[in-house]
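Student: Below is a structure I'd like to ask you about.
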Amino acid sequence: MPRSEASLMRDPLFGVDSRWSWITAGFLGWVLCGVMMGRQAAGVVFYGIIETFGVTRKQASWPLVVSGSLLSIGAPFMGYLCRRFSCRAVLLVCPAVAAVSVCLCYLADGVLFLTIFFGLIHGMALSGAFVAVNVLVSQHFDKRRATACSVIFTLTGLNLLYIPPLAEMLRATYGIRGALLLLGGVMLNSCPAVIILRSPVWMERPDSSPAVEDVQLVKKSVSKAGPSLLGPDTLQEESASEEERTSQQSLWKAVVAKARSFQDLVASCVRTQSPRPAERDSQSFVHALKLFATVPFVVNALSFSVVIFGLTTFVLLHVDLGTDRGLPPERAVLLLNAFAVGDLVVRPLSGIIIDSGLLSLDVVMLLGYIIQGCAFELFVWLDSFPLMLACSTLVGVSNGSRVALQAPALAIDFGIDALPLLMGGLVFATGLVHFTRPFLFGYFRDLHGSYDGILHVVAGLNAAFVVLWTLKVIARKRQRSSCTAMEAVKEPVQC
């Protein structure tokens, strides 16, 4: 007898929040570590493109901006593929494509080639891997979802300790083309981890509904029971008159005839009332599209757009920003190491704090905006190397506290069923802001000679969302207070 969905989810070995869930989280972290290496070396790649091809900063930023934008803009399509096929199918393809596209950049003869392979192809592959990883971890966890997401992003953040120095060493030794070839080869190591990954059993949708399976059981039962019901041995055992036997025989014939047609009746009812798989997909897709227009989704999309914009701006500019202030490239790379220290310390703690109930997700988001806004504003005024390291650490703390909370935030507001499409929509929204960066870089650095304007912009955006999340925290507390009051009123009635 097949086990029920609730029984499967409670299984201590393979259910929700089980041992297998944590094993899956470890392999998901392995995959995400591999595919994100190219993005985490973006500062070195940006500096190497300027040095190798002699282009402006606006032109040099296009391959990296297109990659980051398509990582986000391609997410709705990748979310649909995860729902239509499976997250496993997407992961079997995307990490390999992401690595090979970086290797092919060895053949680059200009920025256009890099924009196509490092930007378009690599960005789409990153999008598929990112969405599939976030959906899978949310499917395998419930009570420990935020902690699991934090662990996965912490494993990915470990790359920041060694990937930028490694990429800079490869660039200095082999040039930017050779560095990309070798970096792509390292990224291929993420492919073996995909073999073990799949959605949990209770998330798999059967091809036929239980009602259709019941029809097949009725059909088999009727075909087996019919001959025995009409057999002469059965009728001879009855001590009755000839008329009674004749009447009984006619009655059994009618019953069996009705039973044989019963499966046709049930089948027609199932066809009429149960939507086909394609219809179910269409209905759920339309429902998810309606969720995109809700206030909670818009707030989450805009909020995480600011988080990712601050992250990608720092990762992309840290080398060039350091060299503008008199640091050699090999020392400017250390700014990202300081960022990584703050990020890695806070990433696992944020999930544990939320799941243990010490702070709510809303409060953690609010604190992250306060810290990041202050850190970017201090970067404008503090130009000594130790103070820049301290500011980089603060940026890392603010990023680590929030970047892993995308899937948990959506799951709190909307549940798990629509998460693949909603996650794709969220990442899509975060990608739209990336297209503003080449123009911002060109305007502030190429025309005004400084990145201070961009730092002011990021600080201002964080200040705006401090106000928004303060209002959200207040509204959530009032909602919980009203719910508690209603429960207190209902208790005497129930007694």
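Here the Cβ of each residue, glycine as well, is placed from N, Cα and C on the backbone.
All TrEMBL annotations are machine predictions without curation.
Annotation comment: TrEMBL describes 20-50, 62-82, 89-108, 114-137, 179-197, 291-317, 329-346, 378-397, 409-433, 453-471 as transmembrane segment.
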Student: With contact taken as 3 or more Cβ pairs under 8 angstroms (pairs 6 or more apart in sequence), are the transmembrane segment (409-433) and the transmembrane segment (89-108) in contact?
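Tutor: No, the transmembrane segment (409-433) does not contact the transmembrane segment (89-108).
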Student: Can you find at least 3 Cβ pairs under 8 Å between the transmembrane segment (453-471) and the transmembrane segment (114-137), where each pair is 6 or more residues apart in sequence?
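Tutor: Contact between the transmembrane segment (453-471) and the transmembrane segment (114-137): absent.
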Student: State, in range form, which of 20-50, 89-108, 114-137, 291-317, 378-397 has the highest count of Cβ pairs under 8 Å to the transmembrane segment (179-197).
Tutor: 20-50
Student: Does the transmembrane segment (291-317) reach the transmembrane segment (20-50) with at least 3 CB pairs under 8 A, where each pair is 6 or more residues apart?
Tutor: yes
Student: Relative to the transmembrane segment (114-137), which of 20-50, 62-82, 89-108, 329-346 accounts for the most Cβ pairs at distances under 8 Å?
Tutor: 62-82
